[in-house]
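K.L.:
Okay, so TrEMBL annotates it like this:
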type     : residues                                         : note
ACT_SITE : 490                                              : active site, proton acceptor
BINDING  : 225, 226, 227, 228, 229, 230, 231, 232, 248, 317 : NAD(+) binding site
DISULFID : 86-91                                            : disulfide bond
DOMAIN   : 49-373                                           : domain 'FAD/NAD(P)-binding'
DOMAIN   : 392-501                                          : domain 'Pyridine nucleotide-disulphide oxidoreductase dimerisation'
């Protein structure tokens with residue numbers, strides 16, 4: 001079968017088995033999606049083909065794609081800046097700080113061994129934060145430019161349903177307007193998950209938003225939650241000089257990560273002086289004194305202890321943001337976690353109302369929301385969309401980074417599948433040794449009989465870039481031998497992926 005044939009088949013494939021359906025799985029008749037509508041520009045009370053509530057990664061991408069498909073489109077965003085949490089107070093500013101803090105850390109601890117010497121190096125925190133803000137500002141303006149280019153009508157305001165085809169918008173500039181749409185997409189994203197008894201003031205007790213804009217480097221930082229966000233922000237401030245302690249109720253950090261990778265990852269973070277208190281419950285947090293005092297106890301019960309900090313970061317996850325939308329008014333169904341239930345075409349139980357991204361079941365990731373947005377709009381336009389949630393990569397942007405796609409070894413074992421493992425350490429990779437940055441490994445899981453790749457896990461510098469070779473390979477059902485027999489440039493970090501693939505079906509060369 002040729003690659004073009006495979007591509008065509010994938011273009012008409014629906015969602016993987018992980019897709020959640022509403023009610024008993026029934027959904028609105030697809031006849032309504034057969035309309036191919038002409039491009040237009042909407043404002044005020046004009047009827048739109050598509051109205052998107054939310055201008056984050058899912059929402060703005062859906063709006064642009066809808067306009068590109070010839071649909072009259074309006075996007076409503078309450079923040080006053082496009083890009084959602086990701087661009088404004090999430091993915092982008094955190095990566096800016098991760099990069100800046102890593103540069104400082106390398107300058108302070110590694111430059112001398114590379115023959116680069118200077119008398120001193122210091123942190124200019126205001127300048128570092130200004131660089132972050134500049135990156136955010138340029139990118140949000142860039143999305144506005146894309147809206148203008150594609151003729152997407154952009155309304156700054158808070159939208160709520162009046163009916164399945166009408167949205168009332170309270171403008172940020174004052175006033176109210178009703179926006180009408182034949183199809184309305186809910187793309188309002190997620191919000192920080194709070195913890196009982198802990199009040200976030202974004203100064204001494206902060207969410208990830210506050211952690212991006214601390215006015216000074218805290219001497220002691222306590223992070224509640226050992227997930228992606230907590231470890232990334234802990235890394236930022238740890239590099240800049242904070243004493244970081246991570247408190248986690250669960251027995252492991254990043255519970256979704258492959259167990260072997262997770263253990264090595266934790267050891268590397270501990271080597272970077274990050275401390276962990278696992279199986280530990282936060283009973284209360286008191287910020288009335290000069291320091292913030294956390295009362296802790298073992299998760300299984302036991303004696304309480306006090307931990308003091310200058311700043312506490314609450315990083316216990318995120319929850320769907322649907323407050324004030326009026327979902328109950330039009331009868332949109334949600335699950336116990338507050339997620340909107342949709343079918344394979346992202347349609348809710350209410351005709352003409354759709355939902356994508358963090359407000360529906362699935363991984364809360366910006367790139368997943370973007371894929372949702374494109375597929376949803378393609379369905380609305382009468383085309384076929386496709387998102388495979390089993391092929392959504394995840395990345396922790398610490399140093400080294402940890403990236404994965406597909407199944408963990410624990411998941412493969414639970415399925416009862418016979419499998420092989422191939423591993424290759426970056427200590428044996430020439431490029432990693434040349435740049436003196438060789439912590440980490442590549443781990444590949446493949447079905448024993450067919451050699452089909454089931455999962456790939458990478459811990460390395462730039463693992464978030466390296467993982468996409470594996471994503472593409474798995475998307476086309478490749479075997480480990482397919483990767484192993486593909487020529488990789490030398491010297492590159494990517495050669496470690498090739499060597500791990502060789503180790504999976506046969507033997508590696510350089511180990």
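These residue numbers are counts, starting from 1, taken along the chain as shown.
Glycine too: its Cβ is placed from the backbone N, Cα and C atoms.
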K.L.:
Measure from the CA atom of residue 91 (disulfide bond) to the CA atom of residue 225 (NAD(+) binding site) and give the result in Å, rounded to a whole number.
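P.N.:
Roughly 18 Å, rounded to the nearest whole number.
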K.L.:
Around the recorded NAD(+) site, report the further residues of that chain (criterion: Cβ within 8 Å of the mean position of the Cβ atoms of 225, 226, 227, 228, 229, 230, 231, 232, 248, 317; site residues excluded), sequence-ordered.
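P.N.:
In sequence order, the nearby non-listed residues are 223, 246, 253, 254, 315.
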K.L.:
State the Cα to Cα distance, in Å, between residue 91 (disulfide bond) and residue 248 (NAD(+) binding site), rounded to an integer.
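P.N.:
Each residue's Cα considered, residue 91 (disulfide bond) and residue 248 (NAD(+) binding site) end up 22 Å apart.
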K.L.:
Out of 86, 231, 248, which of these recorded positions is nearest residue 490 (active site, proton acceptor) by C-alpha distance?
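P.N.:
The smallest Cα gap between residue 490 (active site, proton acceptor) and any of the recorded positions is with 231.
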K.L.:
So what sits near residue 227 (NAD(+) binding site) in its own chain, CB-to-CB under 8 Å and at least six residues off in sequence?
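P.N.:
Counting only residues 6 or more apart in sequence, the Cβ neighbours of residue 227 (NAD(+) binding site) under 8 Å are 253, 254, 315, 316, 317.
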K.L.:
How many whole Å apart are the CA atoms of residue 86 (disulfide bond) and residue 248 (NAD(+) binding site)?
P.N.:
24
K.L.:
Which residue counts does DSSP yield for the domain 'Pyridine nucleotide-disulphide oxidoreductase dimerisation' (392-501) in the helix, strand and coil classes, in that order?
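P.N.:
The breakdown for the domain 'Pyridine nucleotide-disulphide oxidoreductase dimerisation' (392-501) reads 40 helix, 33 strand, 37 coil.
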K.L.:
When you measure from the Cβ of residue 91 (disulfide bond), how many other Cβ atoms are you left with inside 10 Å?
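P.N.:
I count 20 other Cβ atoms within 10 Å of it.
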